[in-house]
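Visitor: Below are the structure tokens for one structure; questions will follow.
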């Protein structure tokens, strides 16, 4: 027997085909509450799209510990080899709108939510180990260059190359973006990275700096520019389709989860800033340590409820993991949580996809769409109620040693913008170098001469062959 159709308030609907009217040809009636409710709700079905990472795909899965790292962290999800934790992972493009193609040249978001017994822990990463900028003060400016021109409403190569030519620290990420890895073949065939430096804290209160890596077990596959352009027209949801259908047929994608670790003493003695997200840590000096396996094995039942409303943020942490002085990371701690409060709502953590799987006891109350609000329990602290939530000093992080005066320090005092990009270029095969040069020259064609000349010097500083290749691709005579 089928269910009875109801209004949102549960009243049975007698007729869902015809509006109430004054006679068969007369005007409609305002007392048709079913019509009014249906139209009013339809007008409000959409929520604001994400300012970045608007186009995305998601799936549930598990994280399984394969190596004991309790020497580094007291987080309970790592307490035993073989332990499994439920996860939700959202992939995305960065600059495109919600209806943009999955095959655009763009970094990919790689955001993982771990539903642990101590709360939700999020690693909000990308498919690249670095980023374009170091300071969050420049993030709105940077994102504006990745969006549409304010007059023409078109994507504009002039503005993003102009921005990069004034931001030489972007060169490392630009080199990755225009390499063969700039257009992954779907989401299953790419690595993920936490990108930032984070911290792990063990039971003795000792802090270790860490970088997170997610190595695809499906193998790296990328799309040639011509294939990506074709798919953008014939199957713009290519990556979404590939991920969804693979999971539906039981071909579950997996990633090997690894860390790099650095002691506080090592970090303090390094000339290079270990908290600079435009640079990587040498895997020769800081080798990858396998930690576990991440597997995606269940598709969401409702895209809007579980993917569109999913809210990730680096402020979501659990005991045993922490942040670092990485400037971009610290900016994101505020920006992401604030974006969710605007986009999804004050109580976005109460939605099923965002809700912790452990008890939540706080003094936060009310707000739009609040559920429960802890009944008659006190809404202030400290209080005299024995059963009310109390702070837990044993979960305090160890003190972080700092030095220096409060000021606006010039992050460009570290002017080594080129060595990492140059090293990456020299690691590439001749075929990969040719593709990189072709991709860059193709997008720079038509950009103003002053921008080209300013950017060109960065390529030369990274590696003379890099600069010569771009110059030749642009038809610039260096003689």
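Residue positions begin at 1 at the first shown residue.
Cβ from N, Cα, C; glycine included.
Checked Swiss-Prot, it gives:
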- 53: active site (ACT_SITE)
- 126: active site (ACT_SITE)
- 336: heme binding site (BINDING)
- 1-21: compositional bias 'Polar residues' (COMPBIAS)
- 361-376: compositional bias 'Polar residues' (COMPBIAS)
- 1-25: region 'Disordered' (REGION)
- 350-376: region 'Disordered' (REGION)
Visitor: Tell me the Cα distance separating the residue listed as 'heme binding site' from residue 53 (active site), rounded to the nearest angstrom.
Guide: 12
Visitor: Round to a whole number and give the Cα-to-Cα distance in Å for the pair residue 336 (heme binding site) and residue 126 (active site).
Guide: 15
Visitor: Going by DSSP, is residue 53 (active site) part of a helix, a strand, or coil?
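Guide: Reduced to three states, the DSSP call for residue 53 (active site) is coil.
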Visitor: Could you tally the C-beta atoms, other than its own, that fall within 10 angstroms of the C-beta of residue 336 (heme binding site)?
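Guide: The answer is 19 other Cβ atoms.
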